[in-house]
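Here is the structure we will look at.
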């Protein structure tokens, strides 16, 4: 047994020396082991393997990059622009249906499935009310993402949106009573400095001909950043404060989310929807964006439940690179030297900042 463990350790150590992303994943576990066994057992169940983490990292990175670029494409090239509020609402419906299906598979029988829904959903109005808080905040965040990407390039959006890390840091300290080391605070300020470098001389997309309002876009990102920080930490606290199934929690949240987004849809665009129709302007690309948003939302909940935010941070860094490349090819983005200054800060920011989340 000891020799097998030693061999496994040596193999992982070799991989960590050769591949930086493996080193990041292993360092997160080492940090948690040093912080205490309770944290480790809560964040790393025994059945969560390194392969599972790498799989989540890969999927999250691809989905995040594809979602940002595809959403930007649908908001800047279509002659008949769809209502973003309806897309957010449909996303919540799809996530609810998928969560219901996964809960049915998890319970294993129709009787247990009905009992779980009756006990945790229909019979738990307090829990529904508790999950309505992140539902409302996430609804605002998702709508702000559509507004921001209607006025900013995908790469600019991705970089600026990383201000959610300092916001999450503050929420983590205030809501979860965690502390940050000096190195982590320095990393937070380095990240803010990197975003400032990018905005000092913003990149321009030469192939976008629609009218844009960058000030409105940055305002939307600011709201989205605040929503992301608060909702992410709140949802993490709810998930890890009980043994309730992840899919039950998702169902509770998405039920509230459908009500909130549907109300927002008709308050914001009700008159135009009645005139043009709920699915006005929808194309295959719009449905692709909705699919990516649904998958991304579910994977985020899985990562929050079973791993830690180091993966989210590392995934965000990789998604920025992919989004930038795609923006150069699709939208004619012209990158200034300030971008490379920002990207040079990212590895340390991700590695140190994400420990606290």
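The backbone N, Cα and C atoms fix where each Cβ goes, and this holds for glycine too.
Predicted automatically and left uncurated, TrEMBL annotations should be read as such.
The transmembrane segment annotation in TrEMBL covers 50-69 (among others).
Residues annotated as transmembrane segment in TrEMBL: 81-104 (among others).
The transmembrane segment annotation in TrEMBL covers 183-200 (among others).
Per TrEMBL, the feature transmembrane segment maps to 215-235 (among others).
Long-range neighbours of the transmembrane segment (247-267) within the same chain, counting only residues 6 or more positions beyond its ends whose Cβ lies under 8 Å from a Cβ of the stretch, are 83, 85-86, 88-89, 92-93, 95-96, 99-100, 102-103, 106, 116-117, 120-121, 124, 127-128, 130-132, 134-136, 138-139, 142-143, 235, 238-239, 273, 298, 301. Annotation comment: TrEMBL describes 247-267 (among others) as transmembrane segment.
Taken from TrEMBL, the feature transmembrane segment applies to 279-302 (among others).
Per TrEMBL, transmembrane segment is recorded for 314-335 (among others).
Outside the transmembrane segment (279-302) by six or more residues, the chain places 56, 59-60, 63-64, 66-67, 70-71, 73-74, 78, 80-83, 86-88, 90-91, 94-95, 98-99, 142, 235, 239, 246, 249-250, 272-273, 312 with a CB less than 8 A from a CB of the stretch.
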